[in-house]
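*Asks:* The structure under discussion is supplied below as structure tokens; questions concerning it will follow.
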Amino acid sequence: MTHVHEDFGKMDANGTTFGKQKFVAVSKSLALFLLLLFVGCIVATGLLVYHLSSCQSVPQVEESKLLMLNKHSNGDITTVATADPSTESETEEYQFSTTTTTEKSKTEIEIDDVRLPRSVHPHSYNIKLIPFIQEGNFTFHGEVTILINVTVTSDNITLHADDLIIDNILVYEHLQTNKFLSIKQAANETKRQFLIIYLNQPVEAGKQYYVSIKFRGILNDLLQGFYRSSYKINNETRWIATTQFQATDARKAFPCFDEPALKAKFQISLARLKNMTSISNMRKIGPYSQPVRGLSEYVWDYYEESLPMSTYLIAFVISDFDCLRNGTFSVWARPSALSQTKYSLQIGPQILKFYENFFGIKYPLPKIDMIGLPDFPAGAMENWGLITYRESVLLYEDKVSSKGSLQRIAHVIAHELAHQWFGNLVTPVWWSDLWLNEGFATYVECLGANAVNPHLKELDQFIINELHGAFMLDALQSSHQISIKVNNPDEINNIFDRISYSKGAAILRMMQHFLTMEVFQRGLNKYLKSRMYKNAEQDDLWNMLTQQSHEDKVLDPNVTIKEIMDTWTLQTGFPVVTVQRNYEDSSVTFSQERFLINNENRSSNSVLWWIPITYMDRRSVVKSTWIGAEPAITLNDLNISKDDWLLVNINQTGYYRVNYDDRNWNLITAQLQKRKGHLAFDPKNRAQLLDDAMNLASVGYLDYEIALNVTKYLKQEREYVPWKAVFTSLDYMYEMFVRTAHFDKYKNYLLTLLRDVYKEIGFNESEDDQQLILYLRFEVNVRTCKLGVRDCIISAIQQFQTWKNSPYPDKRNLISENLREVVYCTAISVGGQEEWDFAWQRYLNANVENEKETLLMALGCSKEIWILSRYLEWAITEHSGIRKHDSARVFAAVANNAIGQELALGASSMSLSSIVRSCTIRFNTQMEVDNFKEFVKSRENEFGVALRTAQQSIEQGEANVKWMSKYSKKIIKWLSNSNT
Ligand SMILES: *[C@@H]1O[C@H](CO)[C@@H](O)[C@H](O)[C@H]1NC(C)=O
Ligand SMILES: *[C@@H]1O[C@H](CO)[C@@H](O)[C@H](O)[C@H]1NC(C)=O
Ligand SMILES: *[C@@H]1O[C@H](CO)[C@@H](O)[C@H](O)[C@H]1NC(C)=O
């Protein structure tokens, strides 16, 4: 799955940097506004907690239900279950009524119990579903027949079902289809989401049986399981029935053995209205459309049987969408958005081809469909053969969507296609290894995207888009190890976070570099081939890579990959390597310790990692060595002149920070400040030096003076990646200082750094600008306008007014698609209701999702409190025009904050986490932190999945308070001096 708020290049800026200018001038009224915003934010969080928990409370009403079995006829069962669920059946021998069970209360159930017993394995499924997608009847009827293998004789069959009404169950032996087993009772245990079928005679080991279940369910609007979505065409609502199953929601669509290791073959049949189409993982069989008995407007679509696969990868969609096709590759969209599928359709097959070569295994399914859905909880989902997306990461409109969204689309497609092998073909045994799936896809998506956009320096951008973000979270005490024990659905959903994705990707990248790409690829290929159509654990991958690297002699025969990688996957956090040179004998000592934001008890931290060290000097020859899970190593006689710098962690391929002795820092700074001297370092290393220096200083590992000196060279920096890296730290200072009396010093310094680059790349685009220049222009202009530079603000207002006065603003918009967010936001923030209402109207009318997202962010830039309050209220109001999956974006827009790092599974958990992050990012007084702590404490239960985010926010807030008291004076002093 792809997380929602990716921050590739420019998109992050869209999400993170806007609208803060309402705090630039610190006047009394603004201070008041700030207070209101803060209060409003807390209230809004409370509101949403309420709002979300009330949606979800429905299924929890009855703690545990027992489906009582009433035998209507005493005689033997003579009729075979009919495969067609639409037939009114006289064969329903069993009727179930529900009563509350007193067997086990919530607390008695041990957490490990949530796993299914292993006595029964599903072999194949036959699933038939009839969804009714009409106003007033959002339900579905279904029947599933599962062929099971019994491995241990057992008097029960236990599988998953959630939010389903079970109408009828039959169990019969394979090959003896008229011999039914007598069922004692069937219990629906809602806490564990189990359906337990107790039998009067056991199913026997070694035999196969059919379990046939008729059921009903609701096409919900919670964006999980089998759910409904809609869009409008000429004010008429069109409905869609679609699915999202990862991690544990297939059980909401049909009873099944809903664990990733229980792979089976699936045959799916879907009934649909005649004027709609259906798609699923596999190809539709023939052109047939059989009538559905009793439902004259419906017909059946039958699908080929799948290859062995996990339940969470099943998908189907029924809609009136159209598609564009390229061979066996299709992209689906609302008919009016069909032309926006061209880009995806162009790059999809190219990326697929790239992976076939990369993995050395052909894509195993006969076709692939991708579809853009109006409501979608995540960014995208890799269902095998039918990948689902939210529209904004699949659909692209030239001259409307920014170049940044072009890159984002390539990434998301590359991510999901990578999963077709890594995840779908070979699947983790259990969710504990989720990081491997997601980390891997996050890493190779860069390779896949690079294959179609080679000019984007994808591998440079990895550093700013993934690595630095992972550092940020992983430096908190409240971080977690990436390989983590999880059991119940909440715990599982909790680990779809930045640690799993970005840190996972970063350590795999590190491994690829110390193994070399060739060895990495050979090992991967062996791993995939040995486990395909089956499941694997991380140790299986480590074993294959150890074998391969010993064979190819890239690894000491006494060391295994597991030994190395376990230090990264089973331990929390990451190290800072301190480089201490001896300038007399040219030796150097590398030592390691955990890098922590809150590092008061530094010495008590004894975690050690296996760290691949790379280093070079002025001569640019890269050498390498290891710190092998030991506190320090010393290399003698490096043969570096005492006036030369030493650079460590080349291209930042290692997942660690580097600190140097002061003298080496000063040598590096001197190099950077020479005219064009910075070109001695790769842009990746410049990004690294800036990020390391500023972060080391912010937690006391390095003197701020030295760190700030590193930033001085930025006047001559013209590359996007280093700028983007340093903006994270500079924006942090912005947040900390914006409400203080000394903000002008910060502002003047930043404007000094930006002046030349702003002058050079300006506000207006030229045809032949490189894409990364477009990104840089955006980043620079965002900050230049935000800091109140007249020229910037006037350009923005002029462009906006021209658009506003044009006769057909929805049809024609001359503002560059790459600068729209700066222009809109600036104009809305200095404008009033008129500007806001105009933009809101454009939002409602827009047919391109990327444009909608841009407008949604910009609408949060208003300075009028009532407008912002109204906007927040609309965000949680049904039918306001803001989609459920976007409400978090509105909160973020209003609170003007980084939601960029938020990785999300469910719409609900995602919203709350984002909002919490949004509201707390600027906290830097003890009172704010304490208030928030209190708030969290009083509502701990309601936070659910967002609790971890809340804890992270508290820790970050406390770090901010400390930072203010420890460093702000010193920084202000440095800034004042540097401005003179
Ligand atoms: C179930 O048993 C059959 C027959 O023994 C065997 O061919 C099949 O591979 C088994 N399937 C699973 C999923 O264990
Ligand atoms: C929905 O429509 C189907 C088919 O007409 C019908 O059997 C079912 O009872 C309806 N359900 C509801 C809740 O109206
Ligand atoms: C069902 O049977 C299996 C295998 O015998 C057993 O492990 C499990 O506890 C049983 N479940 C219940 C609810 O009795």
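Cβ atoms are placed via backbone N, Cα and C, with glycine included.
Note that the structure is predicted; figures quoted are calculated from it, not measured.
Sequence annotations record features per position, and here TrEMBL assigns active site, proton acceptor to Glu416. Per TrEMBL, the feature Zn(2+) binding site maps to His415, His419, Glu438. The domain 'Aminopeptidase N-like N-terminal' annotation in TrEMBL covers 121-313. Annotation source TrEMBL lists domain 'Peptidase M1 membrane alanine aminopeptidase' at 343-568. The domain 'ERAP1-like C-terminal' feature in TrEMBL is assigned to 645-956. What TrEMBL lists as site 'Transition state stabilizer' is Tyr501. Here TrEMBL flags 30-52 as transmembrane segment.
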*Asks:* Using C-alpha atoms only, work out the spacing between Glu438 (Zn(2+) binding site) and Tyr501 (site 'Transition state stabilizer') and round it to an integer in Å.
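*Replies:* Checking the Cα atoms of Glu438 (Zn(2+) binding site) and Tyr501 (site 'Transition state stabilizer') gives a distance of 5 Å.
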*Asks:* Within a 10 Å radius of its Cβ, which of these binding-site residues (His415, His419) has the fewest neighbouring Cβ atoms?
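*Replies:* So among His415, His419, the binding-site residues given, the one with the fewest Cβ atoms within 10 Å is His419.
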*Asks:* Taking only the residues in the domain 'ERAP1-like C-terminal' (645-956), give me the average pLDDT of this model.
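*Replies:* Here the mean pLDDT over the domain 'ERAP1-like C-terminal' (645-956) amounts to 87.
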*Asks:* Given the recorded Zn(2+) site (His415, His419, Glu438), which additional residues of the same chain have their Cβ within 8 Å of the Cβ centre, ordered by sequence?
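*Replies:* So the additional residues around the site are Met1, Thr2, Glu382, Glu416, Ala418, Phe422, Gly423, Asn437, Phe440, Ala441, Thr442, Glu445.
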*Asks:* Using C-alpha atoms only, work out the spacing between the residue listed as 'active site, proton acceptor' and Tyr501 (site 'Transition state stabilizer') and round it to an integer in Å.
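*Replies:* Rounded to a whole number, the Cα-Cα distance is 13 Å.
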*Asks:* For Glu416 (active site, proton acceptor), what is the tally of other C-beta atoms lying within 10 angstroms of its C-beta?
*Replies:* 30
*Asks:* To the nearest whole angstrom, state the Cα distance for the pair His415 (Zn(2+) binding site) and Tyr501 (site 'Transition state stabilizer').
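*Replies:* His415 (Zn(2+) binding site) and Tyr501 (site 'Transition state stabilizer') have their Cα atoms 11 Å apart.
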*Asks:* Could you state the whole-number distance in Å separating the C-alpha atoms of Tyr501 (site 'Transition state stabilizer') and His419 (Zn(2+) binding site)?
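*Replies:* That separation, Cα to Cα, works out to 13 Å.
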*Asks:* Can you tell me how many other Cβ atoms are located within 10 Å of the Cβ belonging to Tyr501 (site 'Transition state stabilizer')?
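*Replies:* For Tyr501 (site 'Transition state stabilizer'), the 10 Å Cβ neighbour count is 30.
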*Asks:* Can you tell me how many other Cβ atoms are located within 10 Å of the Cβ belonging to Glu438 (Zn(2+) binding site)?
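*Replies:* Its Cβ shell of radius 10 Å holds 29 other Cβ atoms.
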*Asks:* Where does His415 (Zn(2+) binding site) sit by DSSP, helix, strand or coil?
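*Replies:* His415 (Zn(2+) binding site) sits in a helix per DSSP.
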